[in-house]
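See structure below.
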């Protein structure tokens, strides 16, 4: 990238901060709250443009606010309190996100993913499903879906899951039937398989709390704004009917709307069998990994009254180290995990400050006045639809969640009649499901889009069709099922 095009990415967040800070102070807001919001908005712009990695953007924002805390973070009344030391208080705020249980849950889930990858268990599971179900193209679509479904609960990076585990396997399948990329033969079987790869990644990202990092970011934002939260089991149970429906419906729907020319064949099962033979029998490390994952899932679903989900993850990671499934170097060298750890903790810190300075409360009251007179159900559905469609304007799920989720939560808090747990779960599901809309919405999207099997027109058309179906089903289950199990 040329320096001339690089500098605007650095200057744009600073310009946004300056413009907002110089605007007239809105009625009902204190000056420090407005200045805090200016810096927060600048951070969001930085996350979208990424002049530097997202974690660095967030850390710079926190540093600015902490250093200038007498003017950005604390009110004159707080500063006037006897014994109030803004230096200690600002430091305490700056690192508060790193003690959030959500951060440690997602870090543990990353280590689970490392265990899957290092032992080869994730690849083995996918190959077994392909071998057993690959004789018919439709069943091969279900094999892709089930592979994603099994890996999703313990792989919080949908990019690692979709682009790092599933894609390297399924990209080998079309050439077995002479279905080549960027060629008329791509529709033979390759286009269907690749579309199933990305759509399965989006669906499974919405099914489990730990299937996608922005899901956990949303819960952190929800907790910082309201002290309410959703457990792993709450999320799973609330999504259960929609999850079952989508897992069973999507492969068939893709088969109907984007039909492969080739309907059956034996080449894929034979290839998968060859790969499994090369891997050898299930080894002891894979068995230990499988046992720990089953135990973690059971505790996440049923153990919420006895042990926190983050503590389950923390303990399982300790056992993985003791059982030599992973080693300490695997933890300290996991760049993806530490990257998410820092940006997620930093964003939760920033969201907490947005609430502490009173901005969320002020914005909620502002919305309450404009939304009064409308049915809470209509407002909730309208907010979900707007949130969902705004995905077209974001190329990062993290930036999308960071920018819009606090506003969505504030809007829900403005109307006490809106059930916050239900609304937040619908928002969370929309993050994953809405990732299907564009070829840039989430990490694996460009990988599948660039495979040569999904022409631009087809991707946008299918994204709109599947996106609309997902949205309708989400609203229906959100109104009929989720209140029954979450309230």
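Positions of Cβ are set from backbone N, Cα and C atoms, glycine also.
Annotation comment: Swiss-Prot describes 10-30 (among others) as transmembrane segment.
Marked as transmembrane segment by Swiss-Prot: 54-74 (among others).
Feature annotation from Swiss-Prot assigns transmembrane segment to 93-113 (among others); the stated evidence is sequence analysis.
What Swiss-Prot lists as transmembrane segment is 137-157 (among others).
Residues or ranges marked as transmembrane segment in Swiss-Prot (evidence: sequence analysis): 189-209 (among others).
Positions annotated as transmembrane segment by Swiss-Prot: 292-312 (among others).
The annotation transmembrane segment is assigned in Swiss-Prot to 313-333 (among others).
The annotation transmembrane segment is assigned in Swiss-Prot to 340-360 (among others). Long-range contacts of the transmembrane segment (340-360) within the same chain, counting only residues at least 6 positions beyond its ends with a Cβ under 8 Å from a Cβ of the stretch, are 29-30, 32-33, 36-37, 40, 43, 53-55, 58-59, 61-62, 65, 73, 75, 93-98, 100, 102-103, 106-107, 110, 156-157, 213, 216-217, 220-221, 224-225, 398, 402, 406, 409-410, 413.
Here Swiss-Prot flags 370-390 (among others) as transmembrane segment, drawing on sequence analysis. Residues 400, 404, 408, 411-412, 414-415, 417-418, 422-423, 426-427, 430, 433-434, 467, 471, 474-475, 478-479 of the same chain lie 6 or more positions beyond the ends of the transmembrane segment (370-390) yet place their CB under 8 Å from a CB of it.
Residues or ranges marked as transmembrane segment by Swiss-Prot: 393-413 (among others). Remote same-chain partners of the transmembrane segment (393-413), defined as residues 6 or more beyond its termini with a Cβ less than 8 Å from a stretch Cβ, comprise 43-44, 47-48, 50, 54, 212-214, 217-218, 221-222, 225-226, 343, 347, 351, 354, 360, 363-364, 367, 371, 379-380, 383, 387, 420, 423-424, 427, 431, 435, 440-443.
According to Swiss-Prot, the transmembrane segment annotation covers 418-438 (among others), on the basis of sequence analysis.
The transmembrane segment annotation in Swiss-Prot covers 462-482 (among others). Packing against the transmembrane segment (462-482) from elsewhere in the chain are residues 195, 199, 203, 238, 240-242, 245-246, 250, 253-254, 257-258, 377, 380-381, 384-385, 388, 421-422, 425-426, 429-430, 433-434, 436-439: each is 6 or more residues past its ends and has a CB under 8 Å from a CB in it.
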For the transmembrane segment (54-74), sequence-distant contacts whose Cβ falls under 8 Å of one of its Cβ atoms, 6 or more beyond its ends: 13, 31-32, 35-36, 39-40, 42-43, 46-47, 84, 86, 89-91, 93-94, 339, 342-343, 346-347, 349-350, 353, 356-357, 396, 398-399
